[in-house]
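Feature annotation from TrEMBL assigns transmembrane segment to B:6-22, B:34-56, B:76-95, B:107-124, B:162-183, B:203-228, B:240-262, B:274-294, B:301-322, B:334-356, B:368-386, B:443-464 (among others). What TrEMBL records for B:127-416 is domain 'NADH:quinone oxidoreductase/Mrp antiporter transmembrane'.
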């Protein structure tokens, strides 16, 4: 299971890097989404897959999963959701204002305004 | 157990929440912000005195025992940084009244500022590595708003890159925390430190240490990772630039200081050597940048990068002198950078440009500004008795004690280049033939200059009062040098 998860996480990271390096801003944003998915799955994997019962206090249950990674993922998901929403809005606004979503045209400094 | 150390986090947070309810009423916005900031400054002053009197303060939220709940810790270093951040933000709030413009004030500018301060104070105070990630996100979200607020073309273009760099570095941060959790099984920094010294720093932990340096280095702008900083920071208006330059990179520097001294002090042959090399390269790259530009903003922005290198060089020595110097220099740099950015804001308001070639002769018309700039420039370069001197003296002393002769010499030589870079501004802007300038009203000039002069005066006091501040800095450096004090304070309760 750990091996399978590692391969999936690696694949997500690979796809994210490919998308981050592309020119279209929308692809870049999707890339950041995949990157955070990979990170979240990594937290899950790093917590370990031992334990069979949910981490709820009940009589007779001793073999429960580690609840902490789940709490961490929940927090990280909410944060990445918020950041992605903001990023999308900002990308749309930038597209309206600058009339391009091509990252190579978004270079430049004062002289190229 | 005391809740006092939560107040500098909670007061700006509540202020920001209140401000959200009436965004269009500027007078009320200003009044609430100033009230909240003064309360926050008072709370953090009390916190510093309590920490000095009673030692490290720790509180674990929800009354859980220490490694299980989220711990907040205030040692002299974090309390001092929290107080400095609050003072600087208060000064920048006053500075914003005359410079940020009504449009931004009506669109939650102060609210975003307070949220950012919440994140900064939280990141300085937290004792839990995942909680530190959360506070980083809080301050980053607020900084995304601040950098793009106003929606000029240039701001939009640069803020997209800024957000992208920070999202990637946040994803790395989460990845690193996950790995750290799998090795140590805990997220409480004191507990991690205790576990690491029990099980020994294996290879995987050194990899994690380097990943943490990478993550915080991206935020703090160390050598190969600073390329996003100059153009991003130059995009927003000057008060936002002052806030970013004084606080944001320093949070990254603080995080590196905390993690390499507390979590990973056992393999200095690799991690600290790496950090030292990167620090020296950062100083050199910053010096090149600071001398290359004829743009006021860029010159001072590259000086941020130089200062980051100097501080981390002190940290990498891992002896008392180096660490104490790093703490001294960190707080000095926050104050002086705020002062310098506020002063170039005044110059830009007067001349209407940030290009050095288009200005000159301001000495005749604005002597107060000129002399304040000269004092701030000397303070930045570290001419005794001004504030930059003592920190750099200790850092160089630490380098010589640790037999890093060349590093120490490069740090010393960089002071000269720093002085040259800011004196160039003095020569071009204040000396020479007066050139026609846009000018500004006396009210705006006073409104901008007074907060800047107050911050500069603070740096002068910081330099002159070195002996008086020494106990605080000594305590801070001792805790960095001997993590057991920190661990005991957190885990004993």
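Glycine residues also receive a Cβ, built from the backbone N, Cα and C atoms like all the rest.
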Same-chain residue ranges lying at least 6 outside the transmembrane segment (B:240-262) that approach it to Cβ under 8 Å: 77-78, 81, 85, 88-89, 92, 95, 100, 113, 116-117, 120, 123-124, 129, 132, 136, 139, 143, 146-147, 149, 189-190, 193, 209, 212-213, 216-221, 229, 233-234, 271-272, 275, 297, 300-301, 304, 308, 311-312, 315-316, 318, 323, 326, 330, 333-335, 337-338, 341-342, 345, 480-481, 483, 486
For the transmembrane segment (B:34-56), distant same-chain residues with Cβ under 8 A (at least six beyond the ends): 2, 4-5, 7-8, 11-12, 14-15, 18, 73-76, 79-80, 82-83, 86-87, 89-90, 93-94, 114, 117, 121, 471-472, 475, 479, 485-486, 489-490
Leading stretch by Cβ pairs under 8 Å, where the reference is the transmembrane segment (B:443-464) and the options are B:6-22, B:76-95, B:107-124: B:76-95
